[in-house]
Amino acid sequence: MDSQLLSVLLLLLLGASGLWGQGPGPGGPSEEPQKEEVPEEDGILVLSHRTLGLALQEHPALLVEFYAPWCGHCKALAPEYIKAAALLAAESAKTRLAKVDGPSEPELTKEFAVTEYPTLKFFRDGNRTNPEEYTGPREAEGIAEWLRRRVGSSTTRLEDEEGAQALIDAQDVVVIGFFQDLQDEDVATFLALAQDALDMTFGLTDRPQLFQKFGLTKDTVVLFKKFDEGRADFPVDEELGLDQGDLSRFLLTHSMHLVTEFNSQTSPKIFAARILNHLLLFINQTLAVHQELLAGFREAAPPFRGQVLFVVVDVGADNNHVLQYFGLKAEEAPTLRFINMETTKKYMPADQGLVTAASVTAFCHSVLNGKVKPYLLSQEVPPDWDQRPVKTLVGKNFEQVAFDETKNVFIKFYAPWCTHCKEMAPTWEALAEKYRDHEDIVIAELDATANELEAFAVQGFPTLKYFPAGQGRKVIEYKSARDLETFSKFLDNGGKLPEEEPIEEPSAPFPETIANSTTDLKEEL
């Protein structure tokens with residue numbers, strides 16, 4: 001066989017076996033490697049450190065939830081997140097929703113500084129460096145609206161009287177910015193605020209005839225409402241311009257009814273108003289004699305707008321948690337209570353007589369002027385409080401037990417709903433049993449959600465404090481491991497661990513505190 005024929009045969013064999021780099025293989029011409037696709041679940045993109053970059057390239061507006069499979073808040077958000085994705089898909093919106101399993105993707109949680117779950121971040125135009133923190137609601141329509149206002153317009157441009165009146169008539173609360181120059185910096189401030197005020201409808205105009213129609217001569221933001229005084233004006237400061245924080249507080253304050261009835265729909269707005277002082281009237285709405293008190297309550301409200309929020313709580317409705325928080329029983333209505341949301345200090349009127357405009361006004365002034373002392377919640381002392389190894393403390397017997405100069409007292413401050421407290425309960429019982437015959441050692445517990453203390457406030461659960469015998473009212477906070485052996489060493493060593501033992505903080509990914517629990521005041525009310 002000559003050399004030319006041998007070369008032809010060799011070429012044919014290489015092509016047939018697919019070894020020839022540029023030639024056809026058994027499946028025809030060589031194919032380009034397929035691009036990785038981002039998987040989906042229920043309309044939600046499921047991202048990893050490999051696919052996040054791809055998703056950012058494909059979707060110019062991307063909301064990403066960092067979640068943990070064990071997180072209760074994440075589980076509660078999940079169905080709303082799915083509904084929001086469906087709402088946006090039905091509108092053919094450009095925005096997509098995605099999720100990242102945080103514990104399984106440590107590279108991403110580190111990159112985006114995720115420290116709690118769920119954390120949501122909004123990525124625009126593929127920008128991976130500076131995502132925007134999600135600040136909206138945790139329900140479907142709120143999520144969708146928050147995104148709509150970022151990818152579309154957050155305000156309606158008004159050109160004539162007919163359009164302005166139609167907008168005002170369409171909603172209970174409408175905010176219109178009247179600006180003579182729409183290129184002014186104040187307009188940008190107004191538009192930025194409109195992106196986040198999801199429960200209000202916004203309009204914008206520069207038309208002189210609209211200034212004239214509504215009696216305006218200078219740049220002004222006007223809140224129109226179908227209740228109370230009907231309108232509230234916020235003139236733009238000609239020297240300082242429009243301050244977003246001041247405008248936000250103004251809108252929140254004036255979009256509230258002078259008197260708001262507490263329920264599941266109004267409670268989020270009550271707390272969002274950022275008015276620290278709340279006056280609550282507890283009545284039974286089924287009783288005519290109680291309903292008659294509302295007139296005087298409303299009459300007293302206007303002078304305190306922006307300083308005190310007036311709230312009505314119906315004791316006949318599903319508001320037992322509110323009554324419990326204030327230490328009230330339904331049969332005590334009608335009655336007033338005052339609370340400062342920052343300090344959580346509660347006040348009651350000295351005179352529990354008839355609720356009138358005069359008595360309500362006087363009570364408010366007395367609290368605001370510091371003439372009324374706050375009251376502390378306390379359960380009654382149980383008859384058998386000292387019969388069990390773990391002694392039961394309440395507000396009324398705390399001082400005499402904790403600061404007994406002859407005893408070393410170790411107290412667990414707990415919340416009935418706290419899972420960490422429940423897990424630690426058997427160990428605490430075992431500790432009390434172990435030291436039940438030590439006359440100078442007392443192991444006790446106090447429900448810090450039903451008993452308030454003048455000495456200090458309890459914020460996290462469980463909180464463990466040691467009160468050593470002797471004078472001086474000393475208090476030592478225990479911050480070591482929560483097991484019987486370490487507890488015992490702590491007690492045997494006089495309220496401190498042996499120096500050779502390093503103190504280990506109890507591990508808990510997210511400690512249970514008043515601020516993030518279901519009994520937080522904002523959750524309870």
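Glycine residues also receive a Cβ, built from the backbone N, Cα and C atoms like all the rest.
Feature annotations, courtesy of TrEMBL:
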SIGNAL    1-21  signal peptide
DOMAIN    26-152  domain 'Thioredoxin'
DISULFID  Cys71-Cys74  disulfide bond
DOMAIN    354-496  domain 'Thioredoxin'
DISULFID  Cys418-Cys421  disulfide bond
REGION    492-525  region 'Disordered'
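Everything TrEMBL records as a feature, shown here on the structure.
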{"residue": "Cys71", "record": "disulfide bond", "CB count, 10 Å": "19"}
{"residue": "Cys74", "record": "disulfide bond", "CB count, 10 Å": "20"}
{"residue": "Cys418", "record": "disulfide bond", "CB count, 10 Å": "20"}
{"residue": "Cys421", "record": "disulfide bond", "CB count, 10 Å": "21"}
- Note on the structure: Cα of Cys74 (disulfide bond) to Cα of Cys421 (disulfide bond), in Å and rounded, measures 22
- Message: Between the Cα atoms of Cys71 (disulfide bond) and Cys418 (disulfide bond), what distance do you get, rounded to the nearest Å?
- Response: 15
- Model confidence over the domain 'Thioredoxin' (26-152) (mean pLDDT, whole number): 90
- DSSP says what for the domain 'Thioredoxin' (26-152): how many helix, strand, coil residues? 47 helix, 29 strand, 51 coil
